[in-house]
Every structure is written in C-alpha cells, then in structure tokens.
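Here's the structure we're looking at; comments come further down.
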Amino acid sequence: MPMASPQTLVLYLLVLAVTEAWGQEAVIPGCHLHPFNVTVRSDRQGTCQGSHVAQACVGHCESSAFPSRYSVLVASGYRHNITSVSQCCTISGLKKVKVQLQCVGSRREELEIFTARACQCDMCRLSRY
C-alpha cells in the first residue's frame with residue numbers, strides 16, 4: 001500500500017483536530033454565553049409569573065502570580081512581594097428581552113429583563129452593574 005504524502009497527513013490531522021473539538025465547547029478555555037432558565041414574578045406573591053431562557057457568561061480566564069520585581073518591592077516598602085494578574089469572565093454586552101407573564105385568571109403582562117449578549121475576559125471587579 002502506498003504511503004500518504006506529508007501534506008496529506010498534516011491535512012488529515014488538522015481535520016481530525018477541528019472535528020474533535022466541535023463538541024467540546026465547555027472544555028475550551030475562555031468566557032462563553034451559557035443559557036439558563038429564569039422564573040420572573042411580578043411581585044412577592046407571584047401574582048403574575050413566567051419563565052424565560054436567559055444567557056449568562058461562564059468560563060475560565062487567565063490568571064497568574066509571580067514574585068514581584070525589585071522596583072515593586074522597594075516602592076511598597078517590601079510588603080508587596082507577590083504580584084498577581086487575573087481576569088474574570090464578564091458580561092460585555094447586554095440586551096433586553098420581553099418575558100410574557102401569566103397572571104391570575106387569563107390576564108397577561110409583559111416584563112423586560114436583561115440577558116447577556118456577549119462575554120469576554122476582563123478586569124475583575126467587585127460589582128459591575
């Protein structure tokens with residue numbers, strides 16, 4: 001049987017790697033949209049309520065920690081001996097979606113909620129919204 005050329009083998013391995021990765025989005029590093037079910041109520045008693053699939057941002061972003069440079073040590077009075085850099089999975093774009101609420105009887109209401117439109121790895125913040 002004749003051997004395949006090196007170009008054919010490289011192409012085959014590339015196609016194999018791409019098709020294997022299609023079903024593994026959760027394993028891919030980064031920050032991605034992730035759907036979840038949310039129940040919306042008009043008040044605490046649940047007079048009107050409805051459900052909707054909203055989008056969240058879920059994933060892993062890069063972080064690292066390393067010994068601080070000498071200039072950082074001196075500037076901090078030798079208290080800042082470790083420097084860490086990190087990013088968090090963050091919502092970078094929102095959109096409003098309308099949720100239909102079913103009320104007591106046959107009455108209906110409509111309510112707007114926010115859902116994630118886009119995600120990205122960004123600076124970690126205690127509270128952004």
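Note that Cβ sites are derived from N, Cα and C of the backbone, with glycine treated the same way.
Note that the structure is a prediction, hence the values are computed from the model and not measured.
The disulfide bond annotation in Swiss-Prot covers CYS31-CYS89 (among others) and is backed by sequence analysis. In the three-state DSSP scheme, CYS31 (disulfide bond) falls into the strand class.
The disulfide bond annotation in Swiss-Prot covers CYS48-CYS103 (among others). Listed in sequence order, the residues of the same chain lying 6 or more apart from CYS103 (disulfide bond) and placing their CB within less than 8 Å of its CB are SER42, THR47, CYS48, GLU109.
Sequence-distant neighbours of CYS119 (disulfide bond): residues of the same chain at least 6 apart with a C-beta under 8 Å from its C-beta are CYS31, HIS32, LEU33, CYS57, VAL58, GLY59, CYS89, THR90, ILE91, SER92. Under the heading disulfide bond, Swiss-Prot lists CYS57-CYS119 (among others).
Per Swiss-Prot, disulfide bond is recorded for CYS61-CYS121 (among others), and the stated evidence type is sequence analysis. CYS121 (disulfide bond) falls within a strand when secondary structure is assigned with DSSP. Around the Cβ of CYS121 (disulfide bond), the number of neighbouring Cβ atoms within 10 Å comes to 20.
Annotation comment: Swiss-Prot describes ASN37 (among others) as N-linked glycosylation site. For ASN37 (N-linked glycosylation site), the same-chain residues that are 6 or more apart in sequence and have a Cβ closer than 8 Å to its Cβ are SER51, HIS52, VAL53, ALA54.
Sequence-distant neighbours of ASN81 (N-linked glycosylation site) (same chain, 6+ residues apart, CB-CB distance under 8 A): PRO67, SER68, LEU73. The DSSP secondary structure for ASN81 (N-linked glycosylation site) is coil. Swiss-Prot lists ASN81 (among others) with the feature N-linked glycosylation site, giving sequence analysis as the kind of evidence.
Summarising the annotation, Swiss-Prot assigns signal peptide to 1-23 and lists sequence analysis as the type of evidence.
Within the same chain, residues at least 6 positions away in sequence whose Cβ sits under 8 Å from that of CYS61 (disulfide bond) are PRO29, GLY30, CYS31, SER86, GLN87, CYS88, CYS89, CYS121. CYS61 (disulfide bond) carries neither a helix nor a strand DSSP state and counts as coil.
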